[in-house]
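Feature annotations, reproduced from TrEMBL:
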type	residues	note
BINDING	His73, Met75, Gly100, Glu121, Asp146, Asn178	S-adenosyl-L-methionine binding site
DOMAIN	80-264	domain 'Ribosomal RNA adenine methylase transferase N-terminal'
Amino acid sequence: MNVVITTSTLPNCNSLSPSWRDNSSSKLPSGEISRRGSAMFLTRAKSSPDDYHSTLKSLNSRGRFPRKSLGQHYMLNSDINDQLASAADVKEGDFVLEIGPGTGSLTNVLINLGATVLAIEKDPHMVALVSERFAASDKFTVLQEDFVKSHIRSHMLSILESRSLLDTDPSLAKVVSNLPFNISTDVVKLLLPMGDIFSKVVLLLQDEAALRLVEPALRTSEYRPINILINFYSEPEYNFRVPRENFFPQPKVDAAVVTFKLKHPRDYPDVSSTKSFFSLVNSAFNGKRKMLRKSLQHISSSPEIEKALGVAGLPVTSRPEELTLDDFVKLHNVIARE
């Protein structure tokens with residue numbers, strides 16, 4: 001039986017899930033819902049029909065509308081959910097973190113593939129809905145929390161330790177999620193430094209944001225500190241675009257699936273301190289389009305920065321948007337030694 005937890009305590013699979021009722025007669029606009037017929041999901045032994053459209057009917061009967069403030073857009077194309085799971089290579093025995101499960105269409109795919117799912121959901125109505133939907137499953141737990149404020153490292157370490165004690169596969173977990181667009185950057189910053197916990201992070205993001213995160217060009221305004229962070233902690237890959245017509249309500253932008261293959265901490269770039277490294281990077285970009293000998297003056301004098309740039313093999317006129325991750329690592333290590 002699944003569990004609903006509203007505090008930071010860890011899952012107890014023997015707890016009872018709450019029921020939820022809302023007798024409002026408001027309806028979702030029927031013209032907005034895709035009429036694709038019954039989609040089929042992959043399962044361990046055979047395909048089983050997804051009940052996503054019946055879930056939408058449930059939302060209708062309870063007067064639930066997607067909340068713009070929470071960035072809620074529901075996936076209408078089951079093929080995309082299959083491809084999300086495929087990008088993460090989800091298989092029997094995996095442990096998967098899902099952020100913002102909504103009505104549970106992606107959750108259903110993950111469970112049917114044999115994964116155990118921990119879902120983090122902020123909206124109490126969606127918590128109740130997925131709790132009912134997966135009440136019969138012993139592979140599903142939902143926490144009612146705001147992910148960007150949750151203690152996800154503590155949750156995951158405790159869960160993985162418990163799995164190890166139960167003689168289950170102690171391999172690293174995965175993240176597979178159709179994210180609310182408004183928290184995507186915060187989620188990336190929180191998850192990527194967890195290469196000791198997760199092996200892959202597969203996210204459905206706003207397409208423009210995905211391109212900025214994964215494929216920024218040097219010497220452009222799109223090149224930012226987060227690009228250094230992403231490449232420091234992971235190997236990112238832009239997988240494919242998802243047209244906006246696949247969502248309800250339809251957003252104003254397209255989406256895209258991105259895979260971040262996380263590096264284990266032992267494989268991070270060799271810096272004496274990640275804290276001081278990212279402090280230098282952020283300071284450099286605070287003076288964007290300024291030469292580093294100017295923007296880093298609070299760290300060392302201009303002549304000392306120029307000397308460090310020279311030792312690192314970089315022009316003394318370098319600007320932050322001109323430096324790769326390796327360049328920043330070299331510069332940081334030279335300054336740290338002085």
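Placed from the backbone N, Cα and C atoms, the Cβ positions cover glycine too.
All TrEMBL annotations are machine predictions without curation.
Residues belonging to the domain 'Ribosomal RNA adenine methylase transferase N-terminal' (80-264) score a mean pLDDT of 91 in the model.
Counting every protein chain shown, the Cβ of Glu121 (S-adenosyl-L-methionine binding site) has 26 other Cβ atoms within 10 Å. Of all the Cβ atoms in the protein chains shown, 11 others lie within 10 Å of the Cβ of Asp146 (S-adenosyl-L-methionine binding site).
Every protein chain shown contributes to the tally, and the Cβ of Gly100 (S-adenosyl-L-methionine binding site) ends up with 22 other Cβ atoms within 10 Å. Among the binding-site residues Met75, Asn178, the residue whose Cβ has the fewest other Cβ atoms within 10 Å is Met75.
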